[in-house]
Amino acid sequence: LGRMKPVIVVHGGAGRIFREREEGCRAGVVRAALRGYAVLKQGGSAVDAVEEAVRSMEDDPHFNAGSCGSVLNEKGEVEMDAIIMDGKNLDSGAVSAVKCIANPIKLARLVMEKTKHMLLTDHGAHLFAQAMGIPEIPGEKLITERSRERWKKNLEPDSNPEEFQKDLGTVGAVAIDSEGNVACATSTGGLSNKMIGRVGDTACIGSGGYADNHSGATSTTGHGESIMKVVLARLILYHMEQGMSPEVAADTALDYMKTRVGGLGGVIVVNKAGEWAARFSTKQMSWATVKDDNLHYGIYAGEKHMKSVDEALASEREGF
């Protein structure tokens with residue numbers, strides 16, 4: 001078997017990215033893509049690579065994921081969802097409504113590897129995290145000043161939390177490794193001021209992500225309820241199984257979601273041949289990809305920067 005050239009694609013969420021946060025978002029997805037690619041270059045698996053890339057973004061306050069930047073529910077708490085999936089055997093692990101841990105993606109992977117189940121939620125996920133020795137972080141440490149301010153604003157009687165929900169910071173990654181295995185990972189803090197106990201698309205297999213060696217892998221972002229209605233991730237892979245390229249499959253599925261249920265979102269895709277796409281129907285989506293030692297990245301429709309990985313790593317060391 002000819003060895004595959006590894007590819008990683010990441011996204012930092014579709015929606016509206018405020019001007020002053022653009023640079024941080026660009027730097028964050030680039031860093032995540034480079035980290036994931038480093039894992040693949042060392043012969044690591046697609047699953048290892050997507051976990052590493054997503055963990056990098058969970059630790060970055062520019063994104064609504066992980067402990068460091070997630071939005072708050074109506075009670076002012078952080079509730080996080082994450083999923084990971086291995087395209088080799090369709091194994092998947094997910095967690096929903098987890099609190100007080102830094103990296104939900106790590107917990108999702110443990111659900112996949114250490115239990116017979118696929119999705120653990122809330123208190124049960126919390127007990128499992130404790131059993132696995134995952135360190136807890138006090139709730140208030142998880143909350144950035146920005147999340148707190150925004151939550152307060154949304155509580156005002158004349159506020160419109162819907163307005164804020166356009167700034168959706170789900171993060172995700174897809175990869176294909178040198179063995180030709182694909183994987184996906186997605187992690188989020190969910191919707192601003194959501195109802196307590198709300199579970200969105202991220203933790204749901206086929207909606208927030210899907211990976212199958214027979215076709216490819218995808219991770220989604222956007223309006224969760226809309227994504228769930230059309231089972232967006234699986235829909236894209238279905239289109240690829242019908243012979244569409246990643247880009248056409250992504251556009252077709254996003255278009256369907258928009259016309260059928262009025263939902264906007266974004267997706268990243270890699271197919272089993274290592275072709276990739278990053279597409280979105282929102283105004284913006286931060287994304288980055290590395291293939292053939294070349295890094296591509298952007299935020300706006302039609303925006304695509306390119307650097308060699310060496311060049312990118314050098315500027316990374318100098319602080320972008």
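Don't overthink the numbers, they just go from 1 along the chain as shown.
Any Cβ shown, glycine's included, is placed from N, Cα and C.
Going by TrEMBL, these are the annotated features:
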- Thr170: active site, nucleophile (ACT_SITE)
- Arg198, Val199, Gly200, Asp201, Thr221, Gly222, His223, Gly224: substrate binding site (BINDING)
Completion exercise
Thr221 (substrate binding site), Cβ-centred 10 Å count of other Cβ atoms over all protein chains shown, is 34
Exercise for the section: For Thr221 (substrate binding site) and the residue listed as 'active site, nucleophile', determine the Cα separation and express it in whole Å. Expected result: 6
Exercise for the section: Across all the protein chains here, work out how many other Cβ atoms are within 10 Å of the Cβ of Gly224 (substrate binding site). Expected result: 29
Exercise for the section: Whole number in angstrom, please: the longest C-alpha to C-alpha distance across Arg198, Val199, Gly200, Asp201, Thr221, Gly222, His223, Gly224 for substrate. Expected result: 16
Completion exercise
Judged by other C-beta atoms within 10 Å of its C-beta, the most isolated of the binding-site residues Val199, Gly200, Asp201, His223 is Val199
Completion exercise
CA pair Gly222 (substrate binding site) / the residue listed as 'active site, nucleophile', Å rounded to integer, equals 8
